[in-house]
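Listed features, source TrEMBL:
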type	residues	note
TRANSMEM	20-45	transmembrane segment
DOMAIN	21-194	domain 'G-protein coupled receptors family 2 profile 2'
TRANSMEM	57-77	transmembrane segment
TRANSMEM	109-125	transmembrane segment
TRANSMEM	137-160	transmembrane segment
TRANSMEM	180-201	transmembrane segment
REGION	227-265	region 'Disordered'
TRANSMEM	278-297	transmembrane segment
Amino acid sequence: MFLSPREPLSAPAKRAEIHTLNVVILIVSIISALGAGWIIISFILFRSVRTFRHQLILGLAISDFLMAINFMSSSAVNISGHIISEKPQEKFCDFNGFMTQVFVVQTDYWVLLIAVCTFFIVANHKRQSTWVQEHRIILWCLPWGFSILWAALGMGLIGYGDIGAWCWFTSDKVRLLVNFIPRWLIILTLLALYARLYLLIHKAHNRFHSFDHPSGSLELAPSADSISSTHRIGKPGPTFSTSTPRDSESGPTAPPPRLTTHTRGPNPVLKKMAYQMMLYPLVYMVIWTIPTAVRIYQAVTGKPAPFGIATVDKSCIVIQGFADALIYGFNEASMGVWRAKLFPRRQAERRGGGTAYSNSGHSRP
């Protein structure tokens, strides 16, 4: 049994409101495209950010970029005066709605895939983490395959229509069932996974101690390679390393060292990583709260939301590309390589100062 699309409550009726809405959406979609483009360009230019996790983030960025281009095209057509709800633009509206459904669903799958793979690697699930890193092509096929399947089913069973700035499912109830409820299930899954990782990293902080041992200094701390691998989610490596830098001083003429114990502060890289992981699902919750509330309001009351709120509703959906860039792209790894590229002398001076400080701190008794 086929369902027929209904007149959308989300589409403004006045010509001036249509123009204003599409100007706003065009601006926001350009911002999202620039954010997604940042991630893509960083991946192409810099080898240091081509880790396994960044390969998944690249897939998310490509989806965000194409979704932003899709929104830009529909809003530009509306601004030009050729309203996409009119008969001459019917085929364009079908294509635009199909692509909207593909990339909106696909970004959800990419975010979930990144969270699951991050959990496998950081939580040290060796079998699962090895499998996902050895089957990257399969991982890339999953979001594309499922999103195209659902979009094709949506076109065949329901169809797409103009909702004001682009084409999508015109029924709020359909969008709630097909898109918003699954999205909130994914957000809750993200919250559970990253909360678990936050607890694991927080507990690891409390295990970072150093001891002055009679046979030397035994230091339990994450090695630089391990921190880098965990932070960037590259190949799985050992979580902790032991080092005894003063073994040569414990000869027969050296005085017996005293046994002392002191607690080290939390490692700043892991601490920042823990907070950043908890930020991921919270940002998505903020972005999708208003669109979900508007869908529920319109589905229950049968009345359109005020134009201002409806504009914010659509802007929240379109801004996701920029939000993903803030969450996944503008991190220390990408910012560091860009700073080194643009300001090599300043970065060299900063590294030299950090090395001097590290050496002076390491020589403390």
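Every residue gets a Cβ built from N, Cα and C, even glycine.
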Next item on the list: Determine which residues of the chain contact the transmembrane segment (109-125) at the Cβ level, with the cut-off under 8 Å and only residues 6 or more beyond its ends counted.
Entry: 52-53, 56-57, 59-60, 63, 132-133, 139, 142-143, 146-147, 186, 189-190, 193-194, 196-197, 200-201, 230, 233, 236, 239, 277, 280, 284, 324, 328
Check: Who are the chain neighbours of the transmembrane segment (278-297) in space, where the CB to CB distance is under 8 Å and they lie at least 6 residues beyond its ends?
Finding: 10, 111, 115, 172, 175-176, 180, 183-184, 187-188, 190-191, 194-195, 198, 303, 305, 309-310, 312-314, 316-317, 319-320, 323, 326-327
Next item on the list: For the transmembrane segment (137-160), could you work out the same-chain residues 6 or more beyond its ends whose Cβ comes under 8 Å from its Cβ atoms?
Entry: 2-5, 56, 59, 63, 93-94, 96-103, 105-106, 109-110, 113, 117, 167-171, 174, 178
